[in-house]
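These features come from TrEMBL:
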REGION    B:1-21  region 'Disordered'
TRANSMEM  B:31-52  transmembrane segment
DOMAIN    B:91-280  domain 'ABC transmembrane type-1'
TRANSMEM  B:95-116  transmembrane segment
TRANSMEM  B:128-150  transmembrane segment
TRANSMEM  B:162-180  transmembrane segment
TRANSMEM  B:201-223  transmembrane segment
TRANSMEM  B:259-280  transmembrane segment
Amino acid sequence: MNLTFFRNKQYIWRDWIASYLFLLPALAFFSIFVAYPMLKGIYISFFSYTLRDFDFIGFDNYQHLFQDETFGKSMWNTMLIVLIAVPVVVIFSLYVAMMIYQKSEGIRSLFRGIFYLPAVSSVVSITVVWASIYHTNYGILNYLTSLFGMEPINWLGDTRTALLAIIAVLITTSVGQPIILYVASLGNIPKSYIEAAQMDRANSWQIFKNILWPMLMPTNLYIIVITTINTFQVFAIIQLLTSGGPMYATSTVMYGVYEQAFKLGNFGIAAAMGVILAIVIGAISFIQFKYLGSDVEY
Amino acid sequence: MMFFSKITGSRPRPLSSGTNLRKKTPSIPSLLANLLLIFLALLFLFPFYWIVTGAFKVQNVAVAIPPQWFPEEPTLDNFRALFKNPVWRWGFNSFFVASSEMIGVCLTASMAGYVLAKKMFPGRKFIFILFVSAMALPKQVILVPLFTMLADLNWIDTYKGLILPAIGWPFGVFLMKQFAQTIPSELMEAAKIDGCSEIRLFATIILPLLKPALGALAIFTFINAWNDYFSQLIITRSTPMMTLPLGLATLQGEYTTPYGVLMAGAALASLPMITIFLLFQKAFTQGITMGAVKG
């Protein structure tokens, strides 16, 4: 008996060791390139870290940021982008998904493909074409508005329109994944539920509100959270279309991180901005989970 | 709710037809809703139409107002001008970086996902939570410290610097774990009893079963790597190390007006991805839904 116990124990040990060995590559890459930089980012944020010096300054970077008007402006722009883009993406994707989920497989994949195109093709290609569409003199957008007698607008150079122009491009690149997810979840809802409601003479709105929407809650939550996270991080569109201008009208926290670190060389301040951004995103995701997740049933 | 009429019909149905959901009722609201859908789809397609036609337009046609909707005298000059830049090298870099990341992620993630789903060992739950919570963290937040780290290692402007950090992507582990859970444990036990070693078990039994998920993850990683503009921007320095999208972005500064050249470049940078997506749409869709939708 003692012997079998020993053998079992040895067997378990070998199994454990094998498991850890299988985990090792993924865990090593993760620790070196994700977890460690994460912690180091927090550490760096307490230093005056430029090309010349590396001095511990406590919370000075954070204090500086909270007094900095351009950072406030970037934070405001970031929030504005999220508040506009996320609801539009959700409603747009849900609309498209509702329209196509009961159609034949061919039509479904055609439309999914079309709306996914901007997300899958390089973001640089997308911004190049939008830069030409928005151009004041040669842009097709001003040509179209001129047909209605409107004066040409410098879409990307005007503080009133630049942010909206960015948001429009961002939305086109963001709806692809939510549409695919909504189509899949709508397809998972048993048809008998809808049939039963129809027998009870429920109208479209009632069916949507009482059956489809509640059953979509887990998907909604997921889509809202990932869209929010991705929207907070929008970078390439801004860098390539406006570089944060005009007058910081399109500067975001993410763009500020890039500017501080890679253009001005203030790694400490950039790291502090990164930490603030992470805290804000974390807090918002947490609230979304808490608030929206309350009626999620798995 | 216009968009809803398709499913239920626009008016309450008599009891007998309630079961026939697919029956088409061509009502005006559903017609309008379909028209709106087609309009939106055309709106989404337009930029691509503009890229492709723009690539073949000579300069004065590309900036003509009113615009020429179709290039009447198509030219290849834009592509000739574009290929004066090291486009082949950029294309190679993009492919090399994206495929290496793809192989790295698939290999490490399938191994980790398999044991996290199927093995019992201390710390298993903690490690999984670690990966999942990292997924929600914005990747860009770690880029400043990652950059200083790569600079210390002298990995800036190298393939190592472009490829290795991206392999730490926790989403792959998550996806693989979700999928590996569906593999019946009896298969592993049977193999164990037959004296199969862990590595052989993984290579000959588990990996083939993970194939659908691996396919999805592979395409997912490849496209993500191809489009990871921010990382590539800060990690590369010299022109020959640039990836295709980055190279294209530098042209944007270089040629302030020649739209045709930019459009030719844009077409070239997005074409491979669009092709891959169209070829593997099914696997790709599966990858997106696998992690998120229960069903």
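Just so it is clear, glycine is given a Cβ too, placed from its N, Cα and C backbone atoms.
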### Message
Cβ under 8 Å, sequence separation of at least 6 from the ends of the transmembrane segment (B:259-280): give me the contacting residues as numbers and ranges.
### Response
48, 50-52, 54-59, 62-63, 75, 77-79, 81-82, 87, 91, 94-95, 215, 219, 222-223, 226-227, 244-245, 247-248, 251-252
### Message
So if I exclude everything within five residues of the ends of the transmembrane segment (B:162-180), which remaining residues of that chain have a CB under 8 angstroms from its CBs? That is, six or more out.
### Response
93, 97, 100-101, 104-106, 108-110, 112-114, 116-118, 128, 131-132, 134-135, 146, 150, 155, 206, 210, 212-214, 216-217, 220-221, 224-225, 228, 231-232, 235-236, 241, 243, 287, 290-291
### Query
Counting only residues 6+ away from its ends, which parts of the chain sit with a Cβ under 8 Å from the transmembrane segment (B:201-223)?
98-99, 101-102, 105-106, 109-111, 113-114, 169, 171-172, 175-176, 178-180, 183, 187-188, 191-192, 273, 276-277, 280, 283-284, 286-288, 290
